């Protein structure tokens, strides 16, 4: 702890310092799936040609039948529920760990928790990309970590990194394991001992300053735990990514994450005040926690988005806010996606965005309806009335409509003012109020969507999401062009049953974030459906860049987008990153191989010969 932190802690209420019992256990596979997304007790599953969702963690759970989902699957992918493929089986044997005896013995002497069991190593060799999960289910990971460590403090991380540097050990920082960029996927060609530092036992609230509304957490705290601790104090950080149930604060920093409520609370770079990172050369930290500082280049920004390649984040000072007294949902229906985009643009121009505003295209609207539960005759009446309003009164075509979900947070006067203004703007673009319940369902549905990919893989369907940010004047054409490229590629490869859809998830003064969802059913002649998927996504990504979009809005670069990094930041930008890498990690101890292609990678052997 720095002198600044020590002095500050003395002035704080010591009762706010908390050891947090995480919802995610050290043996994560006891609670989470070993071969897919989320909780073991939560999944879509078939039964008698119908689809159900298990568990009681989400509103559509409780083993309740989803009466429309089976029809949607049959209609879009031309399959039956009895077309189930063989289920993935957990391996019985694992690669032998390649341990460095000196390092291994030193870790034991330090009394740091560790594991060399195959199962602990397997569940930490990957993230959540389609490629990761497909390889996992089909037993294709030849290289997994050799040693798992669970440090409990910044000081223990310092000792581990020092030992790793002295013994030339490859370190992979690991938090929630939710990466969808390949950033934490175990490098398959790494010959050194690979040690994963699992930060999830570093999850304390170190101090809380209610007067200045700042808090310091250890980096391994899981998002839902962080929010629970703060809300017990009447506070919130307000950062709510789709992965908040499982991802960690350190992971948010390492990937420059964004949350659903960024309009009120900001993205992670707006929330973070100070970061402490352990590198192979020492500790990188700014020793001032003032609200804004002009003292040369901001090293926080060097850490944000570094994806574990420069060091490991151990402690983070963040802004917090009082819990809003009012939280209210809403929704809007537009005659088409383009009208919705123009409405969101006007709302952004007037800077009156609610905490969250998301716009889904017609394909996603239809998908959302497929997950709807039937709740009796009254619901049927309401649905009929809505259909009448949409098709008769407004003249909307249900095959073209687009839906926006809204979340308002603040005091009652502010929420009322915001609602009134937004609904007035929406009316100018033929937007129709669709009710609070629909808005809440659409918001919660975000957390369930990730489970669908596992069901798809059970039936020979590969699917993934990819995102971008784009200026407003190019948003419509980018969505249209990217969908067209995917359709062309599917036709080229003889893919008849697929889905390509998109939604606008975050809005800014100058543009928006767009998420694409793409999946297809592969035929029996396809040798490797993931390779085919990645080939099509590559074409889509090229079109995104050609249409004015970015390489990523918040998922980062990792390994799967490294080919576009130079195009995005220029050759000088790549050189600047490499200079930081060579200064902070000249032996490539943090050898994840993110951001750079093999052609642009640093020759560390040559570098060592010069040192």
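Placed from the backbone N, Cα and C atoms, the Cβ positions cover glycine too.
Here is what TrEMBL records for this protein:
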type     : residues                           : note
ACT_SITE : 515                                : active site, proton donor/acceptor
BINDING  : 173-179, 242-248, 255-258, 307-313 : FAD binding site
BINDING  : 453                                : substrate binding site
DOMAIN   : 141-323                            : domain 'FAD-binding PCMH-type'
SITE     : 358                                : site 'Important for enzyme activity'
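In the predicted structure, the domain 'FAD-binding PCMH-type' (141-323) carries a mean pLDDT of 96. The number of other CB atoms found within 10 A of the CB of the residue listed as 'substrate binding site', across every protein chain shown, is 23.
For the pair residue 243 (FAD binding site) and the residue listed as 'substrate binding site', the C-alpha distance works out to 15 angstrom. Each of the binding-site residues 173, 177 was ranked by the number of other C-beta atoms within 10 Å, and first place falls to 173. When Cβ atoms from all protein chains are considered, those within 10 Å of the residue listed as 'active site, proton donor/acceptor' total 20, not counting its own. Ranking the recorded positions 358, 453, 515 by the distance of their Cα atoms from the Cα of residue 313 (FAD binding site) places 515 first. Cα distances from residue 177 (FAD binding site) to the recorded positions 358, 453, 515 are smallest for 453. Neighbours of residue 247 (FAD binding site), defined as other CB atoms within 10 A of its CB across all chains, total 22.
The number of other CB atoms found within 10 A of the CB of residue 313 (FAD binding site), across every protein chain shown, is 32.
Rounded to a whole number, the C-alpha distance linking residue 515 (active site, proton donor/acceptor) with residue 358 (site 'Important for enzyme activity') is 10 angstrom.
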